[in-house]
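Inspection log for the structure reproduced underneath, given as structure tokens.
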Amino acid sequence: MSESDPQPSPLTLSIPPILSSTPTLSIPPILSSSPTPSVLLNTGARMPLLGLGTYRLRDLDDTLQAVNAALSTGYRSFDTASVYRNEADLGRALRHLLPKHGLSRADVFITSKLGPKDQGARAREGALRSLELLDLDYIDLYLIHWPGTQGLGVGDKRNPENRAQSWAELEELHAQGQGKLKAIGVSNYTPGHMKELLEGCCVTPAVLQVEFHPRLSQGEMRRLCGEKGVCFQAYSSLGTGSLLQDPLVVQVALGYGRTPAQVLLRWAVQQGVPVLPKSSHPTRVAENGRVFDFELTAEDMERLGGMDCGQKYCWDPSQVA
Ligand code: NAP
């Protein structure tokens with residue numbers, strides 16, 4: 001795939017009325033027939049290095065547009081969560097779009113997450129609800145979204161008890177013959193939460209998903225994941241958009257004739273860290289997907305890594321007991 005790939009005329013599709021009031025959706029040509037590079041999980045499955053983030057994709061039309069652009073560009077991974085309230089929309093969009101792109105369920109990797117309100121005794125029910133809303137037989141990766149429980153104070157001792165119970169429930173769903181959760185993992189865990197889990201678990205988490213970008217390089221967490229065979233996955237790689245105007249990022253991007261978003265995403269995937277950029281704009285979704293056809297020099301990787309200052313743009317789980 002490259003920016004100069006020829007662009008055949010778009011196909012036009014009808015969207016069934018149940019899916020959208022919009023009568024047609026233009027399907028751009030598939031720019032890449034080969035899947036994006038992937039990483040090997042400790043389950044033996046492969047997870048694409050590039051996935052579409054869906055936080056704040058609020059309605060079905062938005063989701064259809066973004067997923068369509070993503071599939072056209074070569075994305076094969078999609079990240080949702082119970083708290084995003086768009087699992088049903090993502091499921092519908094994929095069911096509608098996969099055949100249009102000549103793909104099937106097995107060609108894509110779907111991640112969802114257990115909401116903080118379902119931590120503990122309701123974890124099994126929460127995971128089954130995600131499956132039902134997505135309308136899938138299995139989820140490729142299911143994460144505990146947050147180390148705390150909704151409604152409890154951050155210092156409450158029931159937080160560790162509940163997440164241990166959630167993990168045990170997810171282990172059971174993962175291990176059962178039906179294989180409803182192909183891989184399980186956690187998100188927003190600190191090194192402390194992670195060590196506690198690793199000491200008590202039967203199934204080692206496959207993935208840890210946390211905020212990661214040049215201003216937050218998560219050295220301790222990456223080392224721990226590397227030692228224990230846990231895949232370290234990035235969210236908010238663009239600093240939720242705030243890093244796109246950073247003068248150093250802009251300067252590096254100019255040197256490659258690339259955009260700041262592409263440089264930030266390339267910085268992560270070049271280190272083997274999977275990314276999940278989110279955009280509601282099809283052109284940006286496509287732009288964010290074009291990160292496998294250029295390479296940053298070792299010097300530029302280091303310059304960007306030198307921006308690390310522990311800055312978080314998203315959640316801070318460090319106070320959760
Ligand atoms: P992000 O991907 O770092 O940034 C998204 C923002 O950047 C949006 O405002 C988007 O606006 C804008 N954007 C995207 N591509 C752009 C481009 N090429 N040029 C200009 N602006 C661009 O932030 P994120 O949504 O926080 O993180 C990505 C995904 O990671 C989420 O959607 C979610 O799936 C996951 N995530 C997980 C957690 C967790 O707790 N596990 C937390 C945060 C995120 P437009 O949409 O208007 O283009």
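Any Cβ shown, glycine's included, is placed from N, Cα and C.
Worth saying up front: this structure is predicted, and the values here are computed from it rather than measured.
Pulled from TrEMBL, these are the features on record:
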type	residues	note
DOMAIN	50-304	domain 'NADP-dependent oxidoreductase'
ACT_SITE	TYR84	active site, proton donor
SITE	LYS113	site 'Lowers pKa of active site Tyr'
BINDING	HIS145	substrate binding site
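Look at the residue listed as 'substrate binding site': DSSP puts it in coil. In the predicted model, the domain 'NADP-dependent oxidoreductase' (50-304) shows an average pLDDT of 97. For HIS145 (substrate binding site), other Cβ atoms within 10 Å of its Cβ number 25. DSSP assigns TYR84 (active site, proton donor) to a helix.
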